[in-house]
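Peer 1: Quick one: the structure is below, questions incoming.
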Amino acid sequence: MWSVHNLFSHSCSRKKAFQITKSFLPILEWLPNYRVKEWLVSDIISGVSTGLVATLQGLAYALLVAVPVGYGLYSAFFPILTYFFLGTSRHISVGPFPVVSLMVGSVVMSMAPDDNFLIGGSNATGTNGTEILIDTDSRDAQRVLIASTLTFLVGILQVVFGVLQIGFIVRYLADPLVGGFTTAAAFQVLVSQLKIVLNVSTKNYNGVLSIIYTLIETFENIGSTNIADLIAGLLTIFVCMVVKEINDRFKHKIPIPIPIEVIVTIVATGISYAADLEKKYNAGIVKSIPRGFLPPEPPDVSMFSQMIAASFSIAIVAYAIAVSVGKVYATKYDYAINGNQEFIAFGISNIFSGAFSCFVATTALSRTAVQESTGGKTQVAGIISAGIVLIAIVALGKLLEPLQKSVLAAVVIANLKGMFMQVFDVPRLWRQNKVDAMIWVFTCIASIILGLDLGLLAGLLFGLLTVVLRVQFPSWGGFGNIPGTDIYKKVKDYKNAVEPEGVKILKFSSPIFYANIDGLKSSLKSTVGFDAVRVYNKRLKALRKIQKLIKKGKLKATKNGIISEPGVSNEAFETDEEPEDNEDLQVPTKEVEIQVDWNSELPVKVNIPKVPIHSLILDFGAVTFLDIVAVRSIKTIIREFERIDVKVYFASYQDNLISQLERSAFFDDTVRKDMFFLTVHDAVLYIRNQMAYSDNQDPIFEKISLMQESKEPIEFTETIQPADELDVQEEAMRRLAS
């Protein structure tokens, strides 16, 4: 029996271990189920097509990172190898992406500017006295080291995020924010590649307004444009965009998209080699592409402190782009992506790639679209595309050396079309949600002006601020009943909604906490049409004046109300602005109960706001939580309305609120649980029932006890005053409050 139990436990532990292994290595999940006959041919065709595009994009995006173009090939090859085993998306093409490449490039340029590599440490010039001599070999080596070190650090951060299970962080990058950010990045990429298309030299600007400075200097030096490079670049942009449009429009008729970047590159390389454009027209060409692989190198850990802030934003952006693209295809093909595993997959890919002089990998939208549209079913297509890049690294590098850099820059620009088209989302966003449109525009402008890293942070903070403001100033309104139903709608929006007589209903559509409690109080005043505290204070002021006049004999208090002495002119009509007399009044020993109709004209000139309601219902259907400040404030609100004889009720509350209120010591003799109703209609029916069976006393009238001295006999009751009896004014206030 023991051995069977032991065997069962051993089997369970093995199964659990295998499940954990499969979650870390998703390839164990999908590869055993790979349909060779159905999928292999499609994956091979897709892999070859994607590999050709990846080769060209790797070369082109290396220009954004400011490293020799050959390193772009490494960045298009190594990340795929690890993602093949660790990734959960079957369709994304892993490798460089222009936005991320530009962010890496901004760090590289700021840490290794040209000025640090002037020959001899001085502004040595060429024979013509115009060219600054730069030690390009040392500069390029340093930039490659910075890029690979940054990639290594980004990988570490991504792995940490994945292990800590904080893939949810990407949720704070809302679609409008990502749209504005990527559009701004596309503009930054365009400006950075414009000088390469024109073959115009400029300083390396970084930080705030760097894009403006680069544009200004580019146009200042536009007279030195190389015509051969300009023509090649413009032709490449035109041809690529036209063919991409054809691919888009006729994608149902064309089985495989035309790999126009590859065709243009081959043709441009042939023309450059045949016409010897470098020597005859001084065209800027690739010149040298390393053949084969470089040995792995460790990162320079001493640089971590200088790039930690930038690496954080790059890690998040790279992950967000990859996951958002991956989810599109996962939804289309009905499978799931594990966000935390994607963090780990890209993190390990970047750590591995960083050791081989690569720059940060994510996915490119255009490359992924090629992989999916050409029939790619799994990451087998990705590994085959890596094989095509491998051939280029090992054998074809030499053949691409005559290629003009302006052609590569033009390929980058042509691939920005999709990101620029996002501008047309703004009018639609404005119609649908103005706040989202503002987030888009703000993030775009901030990223253009401040740079991508600060711009992303500014956009993120602005987005969070809009959330805070929407919670702090939520929608609210007075509700009324749709006749003949138990449905209640906003009176402002529905003309046939009728407010129950003597009842106001307020719905506050937000959690209530310290930041928006003033908004609740303000909305209450607007809904009921008066300030409960002001009404109470005005009534007390009127009472004080009535008491003075009763004492002087100018008014009499009876059970039926307050009347003036016959034949005595009433001097009670005093201005509201009269200074209050806080002098203690003598406390008589006799009292009489009278009624004051606060909505009628009083014999004292005090402007007392009318209170046309007897009940207030707070609809808490949209209130998900209350903090301690809100609980105390709501309790105060109840007491403020109760003392002017307005009952407060709560409706449509969520279940967790009652337990939360109990923990906050909300309930007492005044605030009871029978004030809470499941629906607004239940509360209204209860109020009607209470009014129907009341003793027909108008709730607007208040019973107050007033002390008076009179010569005429009045029915009264003796009261034994305690030793510490309050004065008349305070006694009136106490009784009114009760």
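Glycine is no exception: its Cβ is also placed from the backbone N, Cα and C atoms.
Automatic prediction, not curation, is the source of TrEMBL annotations.
Quick caveat, the model's predicted, so the values are computed rather than measured.
Pasting the relevant annotations from TrEMBL:
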type	residues	note
DOMAIN	493-687	domain 'STAS'
TRANSMEM	59-86	transmembrane segment
TRANSMEM	145-170	transmembrane segment
TRANSMEM	227-244	transmembrane segment
TRANSMEM	256-275	transmembrane segment
TRANSMEM	303-322	transmembrane segment
TRANSMEM	343-365	transmembrane segment
TRANSMEM	380-400	transmembrane segment
TRANSMEM	407-424	transmembrane segment
TRANSMEM	439-469	transmembrane segment
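Can you tell me where each of these features sits in the structure?
Peer 2: Tertiary neighbourhood of the transmembrane segment (303-322): same-chain residues 89, 92, 94, 97, 99-100, 103-104, 106-107, 111, 146, 149-150, 153-154, 157-158, 161, 167, 169-170, 173, 178, 181-182, 342-343, 346, 360-363, 452-453, 456-457, selected by CB-CB distance under 8 Å and a gap of 6+ residues from either end.
The list of residues near the transmembrane segment (380-400) in space but at least 6 beyond its ends in sequence, with Cβ under 8 angstroms from a Cβ of it, reads 34, 39-40, 42-44, 46-48, 50-52, 54-55, 58-59, 70, 73-74, 76-77, 80-81, 83-84, 92-94, 265, 269, 286, 289-293, 371.
Sequence-distant contacts of the transmembrane segment (439-469) (same chain, six or more residues past either end, CB-CB distance under 8 Å): 99, 102-103, 106, 172-174, 176-177, 179-181, 183-185, 187-188, 206-212, 309-310, 313-314, 317, 425-426, 429, 515.
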Peer 1: Decide whether the stretches the transmembrane segment (145-170) and the transmembrane segment (343-365) have at least 3 CB pairs under 8 angstroms, with pairs required to be 6 or more apart in sequence.
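Peer 2: Between the transmembrane segment (145-170) and the transmembrane segment (343-365), contact is present.
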Peer 1: List, by number or range, the same-chain residues at least 6 past the transmembrane segment (59-86) whose CB is under 8 A from its CB atoms?
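Peer 2: The answer is 24-27, 94-98, 101-102, 104-105, 108-109, 140, 143-144, 147, 189, 192-193, 196, 204, 286, 288-290, 293-294, 341, 344-346, 348-350, 352-353, 356-359, 361, 379, 382-383, 385-386, 389-390, 392-393, 397, 400, 403, 405, 408-409, 411-412.
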